[in-house]
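> Provided herewith is a single structure, encoded as structure tokens, for subsequent inquiry.
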Amino acid sequence: MQVSTAALAVLLCTMALCNQVLSAPLAADTPTACCFSYTSRQIPQNFIADYFETSSQCSKPSVIFLTKRGRQVCADPSEEWVQKYVSDLELSA
């Protein structure tokens, strides 16, 4: 009786651990940042330190500018000023 109780306890613990591992999202499949709206005005270019594009899994394609103060600003990639900033950042890299 004691052996079957111990075996059952081990089995339940193993199932609980496996369930947590299987239910955890995979890092590569989870977008790190998505934008749901864009900035309504152009940011001064000298405020921008870097940029990255959002994942294709996001509902809205976006460029996220990183400011020198550490803020993230969502911008519309179809805007001319956004394309110019991205191009300038690529050239300076």
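Glycine too: its Cβ is placed from the backbone N, Cα and C atoms.
The following feature annotations were taken from Swiss-Prot:
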| type | residues | note |
| --- | --- | --- |
| SIGNAL | 1-23 | signal peptide |
| DISULFID | Cys34-Cys58 | disulfide bond |
| DISULFID | Cys35-Cys74 | disulfide bond |
> Roughly how many Å lie between the Cα atoms of Cys34 (disulfide bond) and Cys74 (disulfide bond), rounded to a whole value?
9
> 10 Å Cβ neighbour count around Cys58 (disulfide bond)?
15
> Please list, in sequence order, the residues in the chain of Cys74 (disulfide bond) that are at least six apart in sequence and whose C-beta is under 8 Å away from its C-beta.
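Listed in sequence order, they are Cys35, Phe36, Ser37, Tyr38, Thr39, Ser62, Val63, Ile64.
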